[in-house]
Amino acid sequence: MVFFTCNACGESLKKAQVDKHVSMCRGCQVLSCIDCGKDFWGDDYKTHIKCISEDQKYGGKGYEAKASKGDMKQQQWLQKVHEAMNKPGVSAKLRDVLQQLSTYDNVPRKKAKFQNWMKNSLKIVNPSLQEEVWNILSTADNVTNGNESSNDHLIEEEEKKKKLNKQERREARQQKNRNAMKGAGNIVSREPEQDEGGKKKKDRKRKQCTEEDEEQNSRRTQNETSSKKTKSKFNWKGNIKAILRESPDQEMSVKKLRKKVLAAYYSFTGDRNFKTEEEVLALFNKKINKNPKLRVLKDTVRLVK
């Protein structure tokens, strides 16, 4: 869902509310997208169907957006609308309806819901026109059904590969640690053999050295793990302040702030997040309530200067 801000009065609007707002607000000539900040003059906003998600906006440099099955199907459905508009023999009235359809990003793909949506959103109550629009779209749908199923299969295969790669990396790290422990024990065993009188002393020394090396390796591994943990901690305080500074009057609702901060947290931790959702929410609430630079009033958080 795309949201806009009126540059004249500052009101936030859904795409379906823009036409009504323009008739009421005389100074409304430019609309700005809330997510990407792009300005749209006149009716240009109708072409802005999809924008970046909050995860992409606050996910950092290495963030990769995951392909959503529902999103892909919706884009394919809208592509069929554009193809139907360019078909030869389409009447001007039908082409005008398809033009209106192309400006929406939530068009239903089932017949009953589609006809009901046309009645409520486009104010088209003529059953024959509804049927005509559905028929031309369903004809295009039958042609591309095979391509959709193959795309779904490719997405599932990519998700399986990602899961497998994570497991392989984890197993490789564990194997590397085991090899390091074994290598420390094998270094001592390469010494030359001694006479029978000195064998027992050598064996005791080897055993003692091996135990000391193993202890040192285990301590080194623990130190490396603890240092990695400290280096890769998520900066709750910094992220909360940064998001509030970008918002108007440096304040935001708790619900919206929580959504943005948690998106940044999950993107930062990735597969290193071992906390449950309840623990993460409790940690977020603690960070906003215990920070003297933040003031929580009812459902709003404000950054105190």
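For all residues, glycine too, the Cβ spot is worked out from N, Cα and C.
Keep in mind that TrEMBL annotations are predicted by a computer and have not been checked by a curator.
Annotation source TrEMBL lists domain 'Zinc finger C2H2 LYAR-type' at 31-58.
Annotation source TrEMBL lists region 'Disordered' at 142-233.
Among the features that TrEMBL reports, compositional bias 'Basic and acidic residues' is placed at 150-174.
For 231-304, the entry in TrEMBL reads domain 'Cell growth-regulating nucleolar protein-like winged helix'.
For the domain 'Zinc finger C2H2 LYAR-type' (31-58), the model's average pLDDT works out to 68. Residue counts for the compositional bias 'Basic and acidic residues' (150-174) under DSSP, helix first, then strand, then coil, are 25 helix, 0 strand, 0 coil.
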